[in-house]
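Feature annotations, reproduced from TrEMBL:
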| type | residues | note |
| --- | --- | --- |
| BINDING | GLY21, SER22, GLY23, LYS24, GLY25, THR26, ARG133, VAL142, TYR143, SER206 | GTP binding site |
| BINDING | ARG47, ASN68, LEU69, VAL70, GLY96, PHE97, PRO98, ARG99, GLN103, ARG166, ARG177 | AMP binding site |
| DOMAIN | 133-168 | domain 'Adenylate kinase active site lid' |
| REGION | 41-70 | region 'NMPbind' |
| REGION | 132-169 | region 'LID' |
Amino acid sequence: MHILTMSTGRLIRLVILGAPGSGKGTISTKIVRDFKLDYICCGDILRNQIEAKSEYGLIAKKYISDGNLVPNEVVTKLTLDEIKAKHFNKSWLLDGFPRTVKQAESLSKFATINQVINLDVPHEVILNRIRGRLIHVPSGRVYNLDYNPPKTPGIDDITGEKLVIRDDDKIETVKKRLEKDRQQTSPVLDYYRKFNLLIEFQGTRSDEIYPRIKKYLEDKVFK
């Protein structure tokens, strides 16, 4: 299905939104696998810039460590530059961007968006997930002590390297980010709703939500 779509030269651009810890990474992995899309993760772009200690990375690190959202202009520049450099003439899924109406407007001028998916997961569920979350930084692999624990505590299954808790996964930091996220992204959802681009999926587990997302994309977007 998606192979025929790509062979006709039709580009598909999807956006996935949801609060931090809502399962965007897990769902995104399945979407890009099943529909053969490039994956663009705003969070990964920021973390790569922070690790590289670039000018924008240092700015982003301070905001994230304080539990604040990174400024519009920084996130927009880094994300659109990444798309231009690596994904310009490709079909893709964009994870975690836009988070503000201003970012959404910038993206709309840059590319035609076919569908926006929002994961509506209760904040209590997100906090419980994040309490047990461990990251393998080099690969981005995510473990959860309750749902997907590593075979050896604190150690990555593939490389044997140490797992860590990200600074932006500390509970008090997450609570602040969730509240700010709620306030800031509600207008973004309204923005895409206005253009009839938004579809929302409610649930508490990714394995329950994804089959509904897949069927929707097959029937409505990649048909």
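Here the Cβ of each residue, glycine as well, is placed from N, Cα and C on the backbone.
Features per TrEMBL, on structure.
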residue	record	contacts (Cβ under 8 Å, 6+ apart)
GLY21	GTP binding site	VAL121, ILE126, LEU127, ARG129, ILE130, ARG133, VAL174
GLY23	GTP binding site	LEU119, VAL121, ARG129, SER206, ILE209
GLY25	GTP binding site	CYS41, ASP95, GLY140, VAL142
ARG47	AMP binding site	none
LEU69	AMP binding site	TYR63, ARG99, ARG177, LYS180, ASP181, GLN184
GLY96	AMP binding site	ILE16, LEU17, LYS24, CYS41, CYS42, GLY43
PRO98	AMP binding site	VAL15, THR76, ALA104, SER106, LEU107, VAL188
GLN103	AMP binding site	ASN72, VAL75, THR76, PHE97, VAL188
TYR143	GTP binding site	ARG133, LEU134, ILE135, HIS136, PRO149, PRO150, LEU163
In the three-state scheme derived from DSSP, which category covers GLY25 (GTP binding site)?
helix
Count the other Cβ atoms sitting within 10 Å of the Cβ of ARG177 (AMP binding site), across every protein chain shown.
19
Could you tell me the maximum Cα-Cα distance in Å between the residues recorded as binding AMP, namely ARG47, ASN68, LEU69, VAL70, GLY96, PHE97, PRO98, ARG99, GLN103, ARG166, ARG177, rounded to a whole number?
25
Count the other Cβ atoms sitting within 10 Å of the Cβ of ARG133 (GTP binding site), across every protein chain shown.
19
Quick one: what's DSSP say for LEU69 (AMP binding site), helix, strand or coil?
coil
